[in-house]
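A short write-up of the structure that comes next.
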Amino acid sequence: MKFAVIGNPISHSLSPVMHRANFNSLGLDDTYEALNIPIEDFHLIKEIISKKELDGFNITIPHKERIIPYLDHVDEQAINAGAVNTVLIKDGKWIGYNTDGIGYVKGLHSVYPDLENAYILILGAGGASKGIAYELAKFVKPKLTVANRTMARFESWNLNINQISLADAEKYLAEFDIVINTTPAGMAGNNESIINLKHLSPNTLMSDIVYIPYKTPILEEAERKGNHIYNGLDMFVYQGAESFKIWTNKDADINSMKTAVLQQLKGE
């Protein structure tokens, strides 16, 4: 079977390394490549994919929303998130999914077993935040709290959550067991501070969905304060494993995928 990841730029993507490691571990001769498709060429997506004879593909920045009009069906989780990161091509039909939310939550559950009873604060109200919130809301008992700079961002949400400003989030930080940053603050080249951690409880798990850099500024600050931290590496691996399951109906080798990504990160 043939797969790919599509984005612009895409040369930095670790998806090919991760998926190929999984194929090798499982003894599969499947292929996975990176395809750079600029925004101005995106209208040719059907033609490009058809020529490549792909069975499915991942889609990343800046095309996660742009792909939706080209799909024959969109899964509920992708509709909720307002973005697609996985496409299955079956019987000529394109079916869109979003595995980011379930990928993050599966990883988080592995390091925080009592997740269903946790009081959780999510920073940011974009697509990634929404996907994670919808997944958490399926089983977490306390009502989720989501903080954003502007309240207008919540107009597209139809989830029963506490909506607060970032300023209020700073005041009430001590009340949360887990704080999850889903904003771009802290990504490579972005040292913007999203929130002041002065009131962070020492028992709170601080998380960020970014894994490059391995420790974002907010994670470094929390670690200096003595908090446990959790980055986005597992989210990346588990979302990839979920994509593989959608394409092949097989379980991925999580360990081989994570090892391959870690080796690549250490080599950079």
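Start at 1 and count along the chain as shown; that gives each residue its number.
The backbone N, Cα and C atoms fix where each Cβ goes, glycine too.
The shown structure was predicted, so the numbers you read here are calculated from the model rather than taken from an experiment.
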Residue from N85, N196, N227 that Swiss-Prot also lists as binding shikimate with S13, L14, S15, T60, D100, Y211:
N85
Whole-number Å only: compute the distance from the Cα of T60 (shikimate binding site) to the Cα of G127 (NADP(+) binding site).
12
If I take the alpha carbons of G127 (NADP(+) binding site) and K64 (active site, proton acceptor), what is the distance between them in whole Å?
9
To the nearest whole angstrom, state the Cα distance for the pair T150 (NADP(+) binding site) and Y211 (shikimate binding site).
26
